[in-house]
Amino acid sequence: MMKYIYILLIFSLLFLKINSQNTILLNALIYDQTPSRNNDFQIPSPGGIAKGLVKSNLGSDNTPVLVAERSSTIHSPETFNQWFHNYPGVNLPINYQITLTQSTTNPNVYAYTNDAFFPIDGQGFDNKTNYPYEAVYRDERGTPHNFHFCLQIHSMFAYKKGDTFYFNGDDDVWVFMNKILVVDLGGIHGKATTSINLDRLGLTEGTNYPFDFFYCERHTTESHISIETSIELTCPGYDECGVCQGDGSSCCTKSNCNDNPNNKLNCITAQCSNNVCVKSAPSCPSINPCEAGTCIPNFGCSYSEITCNRTNCENSFCNKDTNTCERSPIANCVSCSNGPCITTDLCFPQKCDSKGNCVSSNKNCDDRDYCTTDTCQDGICIHTPIPKCVNCAGTGCITTNDCNPKVCAPDGKSCLTEVLCNDNKTCTKDFCFAGHCLFIPIDCDDVDDCTVDTCDETLGCVHTPLDNCIACTGLACITTDLCNQKLCTDNGTKCTEVPKVCDDGNACSNDRCISPNGTCAHEILQNCTDCGTFNCITLDLCSPLSCPTDGSTTCVSIPKTCNDNKPCTLNQCHSPDGICTAVPIENCVKCNQTNRGCLTVDFCNPVECSENGDSCIITNRTCNDYNYCTTDSCINGQCYNEIIQNCENCTNGIGCTTTDFCFQQICSDSGDTCKTVPLDCNDGLSCTTETCLGPNGTCTHTIIKNCIECGIEPCITENLCLPVVCGPDGSCLYNYTESTCDDNDACTSDVCTEYGCEHYTYTGCMNCTNGGCFTTPDTCNHYGCNFTGDGKCFFTHLECDDNDPCTKDHCLYSGDCYYEKLTNCTTPTPTQTPPPTQTPTNHSIGVNECDCCPEGQYCLLIFGHERCFIANDGGDGIPEETIGCPGVTTGTPTSTDGGTGHYTESGTGNPHLCDRHHCRSGMECHVINGIPECLPSKYKCLDCLDLHCEKQGGKTCFTIENQNYKPNIKGCKDDSCCKYTPTCR
């Protein structure tokens, strides 16, 4: 897109006159924009000039206010607000100056022209060092430029007649004068011209008004600007950013960065860099030999300063920037031999006397003017003028009476008095009152109410008579309207209006008196009949009025007759002008008879004259197209042949229409009947069910569950426990085996249901390596698995003999031994013999299992403890428990645990539970209600071990019945699969 900015502006941005004869320097604030941060810029479809985008009054923050939903090139009030306000990260403020040069043809006009107006090229987002990822935009020659920015100006001007404002350019330009919109050229557009004569704005000459200028460049590819101005713009004050009446927030300045008191209070050095305040870490560098610095938070740097030498009239200090002593002279000081003489009151300056001491003198303030009072204040001579004083050569003449002022005598050494109260006018009397001259008009009243009394400087008093005036007693009756003449009444004390009579005796005339000259007028009434004492006025000529003949006063109406004697015309009288018209009747046919006409109302049934013309005949219009797949009809005389959808036109006068495409209707071979043809939905597969869905004729193919394609027939499995497979010849065969659902777990019942294989666990069953073993709640008489032997189930009895004749030994139901003390019993002293040493052999279980059993014995897991047993105890079928092995990890007959010989973990003293070494491959040890049990490794319902519970404080793993358990449910989730839930107690 070719785009121009050719602006001829009569304005001053924010300016400073460098040379009042040659140039004007204009200060502007630019906000650099980029399409990647504000999508109001580089719009794909600019759209041209868009007036009315902003409100006619300037906003409270002196920027334009967007009118909502007015432009497709402005996305929202938020994006528009970023054009002329500081938004860190969205735009960048940049100060800019334009120099206007005085016109050579008109010295009151200054101008600036630039055919490549890119004021911030290489700056802001165009600086690739700081913003390397911002897009580059180029002109038609391929030269990169910064095309996206908004410029704003705020100033004041004193209006003078003849000021004008003219510009020619493109893109958004708004100018406000006195905060009112005077130039409205919004949008992205081509060149447009506007000129303003400020004389038409209703401004007061010499009065100061605010001037606000806003301009945005929002699109490629060219930029031109030409400015002219005759307006004298000024600014009351600039902020540190160079913005007229700004608040200093549009840029990084010394006040908000370098000299920010908060930085100094915390010993931080800050300076502006790329319009961003960069701060250092807190520090107070030493500046010896003058100072040593210490940082005190919220106070700043504290320094110890040296004392510098000085003379009598000098102040000395150590410069912290140069680290050197510097001296400055003391104002109004004279160095005398005996010390400094400092003048504190300049009206009495101090000086040295001959002895080197200070003496005071007086300042001479005489201005040799006799009309001033001369005084001295703070060393400055003040000459106060004496009111009403004339300065003569040798004296001052002061006037005390303004009617008789004092003036200088001819010699200038004395005063004379003047007389001023005489205006030399005939019509005034002259007086002097309280020192002021009074000139009072003379009284010319002739006591005549019908005269106007005035005074003429040449003639004196003049008495001019009033027209149409009658002098009454103490008042004048003046007639201003001769249609209502004023006369004296009530013995001359009152004026009364008497209307003028203008009746001409004609009932058909409108009589009136014309003010103010009193002329009678008689207007003849239109369409009026004079009936003597009254009139009859016709308002509607289709019903004229006439005088009655019965002696009454009621007018008679006679309707006007309109008839052209034609049967096919409509005769009417038009009110109120009474004109007769004859309108032809549409669709009417005149017959042979003179007054006979036939009117057609329905063109599908036209009306015609009879053969002899004495009557009308109704006929019918034929619309048959002889197509049996159309519906023939006549509407308002128009034939319609609507095509019947999905219809086949047969040969013998019928049409076959299909309403359901699952059953299509076609013509029979003879063409006189329709026949039905079903839609073929067969997909050629045996394991699908075909269905046609009407009326659209959509074929669906539903897969038959558990069906496989065989050569001869489809094979459908109705019972998952009896699957059907393809035979060698393509026929169906049943494929049933006994081991289909066997999970190789002796403690489960394996069944096949409609859902497939189901496995139900037997309660109280332990899965041994060679069959199952059902346990009992009686832990004193226990069934367990022989993991180290034949892997079958065997029975054990817990012995609780403590070899103490004074105790009664009990095996509790919980599996604990209880020794009841007997009364009146004495325990004999035993002979102390060391326990025999049992040395493990190579035939015992590995060191990670039972380390306590010698050859010929095996380890059993009883109540969670490993214990050593021999094969039998002499024929009763119950293994006999033996002593353990010596060492720190085994028990002995005299140990505190009763010499059970079970394995203990080093340093813990806790009985070792069953672990992975006691369960075959694919199984793991779980403890259910205190009883160890090998279960499948993926058995998710039981996952706590006694060892885990013991680490929680000597607890044991138990299972409780799960209330959420759902038996025989295929695809159970979470804990609904588990009949028991593990818990530590």
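Glycine is treated like the rest: Cβ placed from N, Cα and C.
Copied over from Swiss-Prot, here are the features:
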DOMAIN    102-247  domain 'PA14'
CARBOHYD  Asn127  N-linked glycosylation site
CARBOHYD  Asn424  N-linked glycosylation site
CARBOHYD  Asn491  N-linked glycosylation site
CARBOHYD  Asn517  N-linked glycosylation site
CARBOHYD  Asn527  N-linked glycosylation site
CARBOHYD  Asn592  N-linked glycosylation site
CARBOHYD  Asn649  N-linked glycosylation site
CARBOHYD  Asn696  N-linked glycosylation site
CARBOHYD  Asn735  N-linked glycosylation site
CARBOHYD  Asn767  N-linked glycosylation site
CARBOHYD  Asn786  N-linked glycosylation site
CARBOHYD  Asn842  N-linked glycosylation site
SIGNAL    1-20  signal peptide
Cα proximity to Asn424 (N-linked glycosylation site), best match among glycosylation sites Asn592, Asn649, Asn767: Asn592
Which same-chain residues, if any, lie at least 6 apart from Asn527 (N-linked glycosylation site) yet have Cβ under 8 Å of it: Ile537, Thr538, Leu539, Leu541, Pro544
Other C-beta atoms that fall within 10 angstroms of the C-beta of Asn424 (N-linked glycosylation site): 7
Across the domain 'PA14' (102-247), average pLDDT on the 0 to 100 scale: 87
Count of other CB atoms lying within 10 Å of the CB belonging to Asn491 (N-linked glycosylation site): 8
Rounded distance in angstrom between the Cα atoms of Asn767 (N-linked glycosylation site) and Asn696 (N-linked glycosylation site): 63
Glycosylation sites: Asn127, Asn767 - member with fewest neighbouring CB atoms within 10 Å: Asn127
Per-residue Cβ crowding (10 Å cut-off), top of glycosylation sites Asn517, Asn786: Asn786
Secondary structure of Asn127 (N-linked glycosylation site) (DSSP, helix/strand/coil): coil
Asn735 (N-linked glycosylation site) to Asn592 (N-linked glycosylation site) - Cα separation in whole Å: 104
Most Cβ neighbours inside 10 Å, all chains, among the glycosylation sites Asn592, Asn649, Asn696, Asn735: Asn649
Integer Å distance between the CA atoms belonging to Asn649 (N-linked glycosylation site) and Asn696 (N-linked glycosylation site): 21
Pairwise Cα distance for Asn491 (N-linked glycosylation site)/Asn592 (N-linked glycosylation site) [Å, integer]: 92
